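The structure that follows is given in the form of structure tokens.
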Amino acid sequence: MENKDIVIPATDDPDTAGFWAAARERRLVVQRCGDCGKMRFPPRPACTCGSFAMGWHEVSGRGRVWSYGVAHAPTLPAFADLVPYVFAVIELADAPHLRMVGNLATSAKAAINSVPQDAVAIGDEVTVAFRPVTDEVTLPVWIPATQSEVVQ
Ligand SMILES: [Zn+2]
């Protein structure tokens with residue numbers, strides 16, 4: 001897959017820059033309200049309490065498959081050779097009310113179709129790994145505990 005063929009997230013958005021900076025350092029973070037302490041994801045300017053005060057809170061990178069789907073038709077040409085592949089909604093162990101969408105893989109460097117559909121179940125434990133895509137963008141990917149040991 002050529003990186004030019006996939007959509008690369010903007011890393012200079014004031015609301016999300018902290019997430020991408022942490023991912024480059026292989027840390028998974030969510031926002032935490034500076035007033036009420038509530039954690040939130042995806043990043044946004046304000047808390048439900050109305051406060052704009054916030055900081056970044058590192059989470060463990062452990063979670064569970066809350067739901068998943070299987071892509072059969074590619075949405076972009078770059079993914080044509082990878083279908084079918086599993087995409088999942090991951091519930092964070094540290095903050096079960098927060099979920100992240102991402103790909104499952106057997107390692108940080110393995111293809112997004114490396115975990116077959118029949119090996120995935122809701123509730124499976126996963127651990128985050130980090131995949132550099134460009135100099136600016138490092139994507140979290142999720143390694144099922146049932147797969148090989150996490151290799152960063
Ligand atoms: Zn708040």
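Cβ atoms here come from the backbone N, Cα and C positions, even for glycine.
So TrEMBL says this about it:
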| type | residues | note |
| --- | --- | --- |
| DOMAIN | 20-54 | domain 'ChsH2 rubredoxin-like zinc ribbon' |
| DOMAIN | 56-131 | domain 'ChsH2 C-terminal OB-fold' |
Under an 8 Å Cβ to Cβ limit, what residues of the same chain, 6 or more beyond the ends of the domain 'ChsH2 rubredoxin-like zinc ribbon' (20-54), are close to it?
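Residues 9, 11, 60-61, 92, 95, 97-100, 128, 130, 132, 136-140, 152.
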May I have the DSSP-based helix, strand and coil counts for the residues of the domain 'ChsH2 rubredoxin-like zinc ribbon' (20-54)?
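Counting residues per DSSP class in the domain 'ChsH2 rubredoxin-like zinc ribbon' (20-54), I get 5 helix, 9 strand, 21 coil.
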How many of the residues that make up the domain 'ChsH2 C-terminal OB-fold' (56-131) does DSSP mark as helix, as strand and as coil?
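Result for the domain 'ChsH2 C-terminal OB-fold' (56-131), in helix, strand, coil order: 6 helix, 35 strand, 35 coil.
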Return the average pLDDT for the domain 'ChsH2 rubredoxin-like zinc ribbon' (20-54) as a whole number.
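Taking every residue in the domain 'ChsH2 rubredoxin-like zinc ribbon' (20-54) and averaging pLDDT yields 97.
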